[in-house]
Amino acid sequence: ARDGYIAKPHNCVYECFDAFSSYCNGVCTKNGAKSGYCQILGIYGNGCWCIALPDNVPIRIPGKCHR
């Protein structure tokens, strides 16, 4: 497991707009992470950051997000 921005297909983050919302924690825990929160103004903008996300779940990597 590792920490990171959980990625949708095509290397895009799960966008979020409220640091205090439970949205990201839900997305992360549903995918097997211990927890998660909304990282505001991070390297990829506002995106969900997961703690202890399983290795088989994709994370955002450098390169383009292909919407």
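Residue numbers in this text run from 1 along the chain shown.
Even glycines carry a Cβ here, placed using N, Cα and C.
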According to the record in Swiss-Prot, which candidate from Cys12, Cys28, Cys38 pairs with Cys16 in a disulphide? Cys38
Member of Cys48, Cys50 annotated by Swiss-Prot as disulfide partner of Cys24: Cys48
Cα-Cα separation of Cys50 (disulfide bond) and Cys65 (disulfide bond), in Å? 18
Assigned conformation of Cys65 (disulfide bond) - DSSP reduced to three states: coil
Can you grab the distance from Cys16 (disulfide bond) over to Cys65 (disulfide bond)? Cα atoms, rounded to a whole Å. 16
